[in-house]
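Student: Pasting a structure here, questions to come.
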Amino acid sequence: MMEMDWIWGLIGGLMIGGAAALFLLVNGRIMGASGLLGGLVDGSGRETSAERIAFIAGLVAVPAVLALLMGDAQTNITTNPVVIIAAGLLVGIGTRLANGCTSGHGVCGISRLSLRGIVATVFYLLAGGLIMVTFRHVLRVI
Amino acid sequence: MLRNLFALLAGGIFGAGLLVSGMTDTTKVQGWLDVFGAWDPTLAFVLSGAIMPMAIAWRVAARRKTSLLGTAMPGKPDPRLGANLVTGSVLFGMGWGLAGLCPGPAMASLTFGGWGGALFLIAMAAGMLAAPPIRARITQFEAA
């Protein structure tokens with residue numbers, strides 16, 4: 001199964017890009033996960049809240065059904081609550097400061113050659129890589 | 001109504017894509033970021049696969065004034081970079097590396113992510129609520 005991972009990555013990637021293309025062409029919206037959720041959390045996207053809730057409902061429900069059918073869906077997330085809370089806070093603050101995450105800056109930004117999207121992606125990849133080196137190989141805590 | 005229906009559909013396809021591609025598995029994301037460990041190239045295929053249809057969609061969008069449902073299309077990308085973009089991306093990348101989850105997969109895995117996934121989502125929402133004053137401070141610092 002391991003050697004097939006890249007094919008599933010490509011297929012899943014095409015689905016992610018297809019969803020983003022649909023959301024752009026049909027709804028006229030940029031598919032950014034942090035922005036869609038963030039606008040609901042802080043109330044800044046109140047006028048489009050129904051569309052945001054519908055998107056998130058699909059995002060939660062379809063994997064829920066697929067996970068039941070597949071039977072072995074796992075996130076394999078760490079069991080260290082301190083790491084989880086720190087990571088969640090960093091992702092929440094960071095994506096709102098940067099106005100985007102992997103889907104908004106990475107998928108939707110890079111595909112239109114947006115300088116902000118490219119710069120954001122370079123910085124979050126570098127930061128993620130540095131965290132892996134320091135916390136996994138030097139400090140050995142994740 | 002149609003807007004919400006298509007939003008539900010887009011969210012559903014997005015979620016299915018995240019699951020199929022393995023992006024809801026934190027070990028695959030951390031495996032990609034861990035260039036000095038057992039490096040996992042999957043994420044490169046996911047991102048390339050996602051960018052292809054979207055690059056076509058942007059070309060189509062450029063020739064349209066409104067979306068198919070008549071709503072306004074997004075404006076031109078903002079060329080300004082700024083301290084918030086860089087600081088935010090660095091903080092996001094740190095959290096992404098620590099847990100191996102970004103916002104999309106964090107939501108997509110809600111039903112099978114266990115207490116750890118739920119805790120991550122709560123912390124992420126708290127971070128989102130804490131962000132505006134930090135953003136204002138950075139903007140102020142930048143202008144000074």
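Quick reminder: no glycine exception, Cβ is built from N, Cα and C everywhere.
Copying in the features that TrEMBL gives for the protein in this structure:
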- B:42-61: transmembrane segment (TRANSMEM)
- B:81-100: transmembrane segment (TRANSMEM)
- B:112-131: transmembrane segment (TRANSMEM)
Student: Take the transmembrane segment (B:112-131) and find every residue of the same chain, 6 or more past its ends, with a Cβ under 8 Å from one of its Cβ atoms.
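Tutor: Distant Cβ neighbours of the transmembrane segment (B:112-131) are 24, 99, 101, 103, 106.
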Student: Which bits of the chain, at least 6 residues beyond where the transmembrane segment (B:81-100) starts or stops, bring a Cβ under 8 A of a Cβ in it?
Tutor: 25-30, 33, 120, 135, 138-139, 141-142
Student: By a Cβ-Cβ criterion of under 8 Å, what residues six or more beyond either terminus of the transmembrane segment (B:42-61) are in contact with it?
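Tutor: For the transmembrane segment (B:42-61), the list is 17, 21-23, 28-29, 31-32, 73-74.
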